[in-house]
């Protein structure tokens, strides 16, 4: 649902820690201010602080600040006498508008393609001009001369002003069903956090499995897999449910962020949950917004997957379950916690559940609504109910019964921002396909692969690896999809790879590469921002687990997909 984006689309939880819960709450130092998980800075300069206190508005209004991250040490004054406060230095001029250097590079890329790169004879002038605009738009999403929505709007305006696209064509994607399904998924995730249902489910797993550190990790991992299909935002799950729980458990064990004690418990739990999250998202079609986008883009290339929810789950189930079971254990061996037993965790969880009280009316409504929505997603094709209509029915129920208010939907800025910029990119990508650019590119790659005399399985492995590791250049999973999914899928098909196999494998990889770096996804930003993991460890474990996932999905998945008849 993005295109080479440099920001994270996260769900702004109204409260990362339920107001009814006291177990996983810690006293904050006045020096720590609440952050916002809506935006990421460019790669390798991302800054975060501690999980915030709930604000009255239910949003996170202030930016992260690494210099204040987890600073809970009281600051003693060097003197009891009043100190003279130096006069503040005059503030320098504040740069407004676009950042000049990223702007120049982004625009230059499009102009070079349009005017300096020779146009192939197979490509029309209109298609070549749209390609230049699209590449400028994508470059701007990476370099961020403006916020992503603003930059996408500039790209859309350019395509209309230059008469590359008609106004109606340029805005046609704003009625796309998948985009609206993604928007509504943000509202569902907000409902899970607002009612505290996600927090309650995870706490039950801590109570049942939390006697040891490894059991605690499995409890958190399995609870995420359980709520994933009905809470389709990995960032909301991370920031609204799991980071607060992990942090509170770690602090109670003397494992503090930002110092050597972090390796006692917090570092392992964060890494385990972070690296497992991609498999939870890959397990269900509705577990992540980018999954829906992948199937929509595949459909535009003529690749239709019947019973998509069921087909997706069947194909992902065996390799995803194996990875979910293997990841906590493997990290327990190669990135071990210092504390092996956590006998106090079940008691803490039981106390928290007691403080939360019985399941509330709104939680029961949330459970019933999501069961209805998931049932319609599973059986919708047989009933003639599209997925987006099922989501609309669910959201309408939540609004009618007061679980969500319209103000909650209006304040979900990331959802509306996604609608704006994502529709621009999907529209451009669709027109590039219609005008023949994607077909021309895929044919060029296919001819190169044929010249190497590669069989389709070899081409499949090569293209999948390239698609995966290119993500080091991206700060968004959906941005990666919007920019490259259609092109890589077309390359697969041109190389002779079975179409449905290629479409699903690329989509699964889209989830798995979300844990490569601290900027590779919205949940990556949240987990790294907890302060328990050092940057070198993020890159190291991200690469190691990526290879493990590739081995499991490559070997187990190959035989499983053959058994299912996908090739």
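Backbone N, Cα and C atoms are what each Cβ position is placed from, and that goes for glycine too.
Keep in mind that what you see is a predicted model, and the values were worked out from it rather than measured.
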Message: Checking feature assignment: transmembrane segment per TrEMBL, candidates 64-81, 82-99, 100-117. Which range matches?
response: 100-117
Field: 165-189, 190-214 - the one TrEMBL records as transmembrane segment
entry: 165-189
- request: For the transmembrane segment (100-117), could you work out the same-chain residues 6 or more beyond its ends whose Cβ comes under 8 Å from its Cβ atoms?
  value: 128-129, 131-133, 135-137, 139-140, 143-146, 151
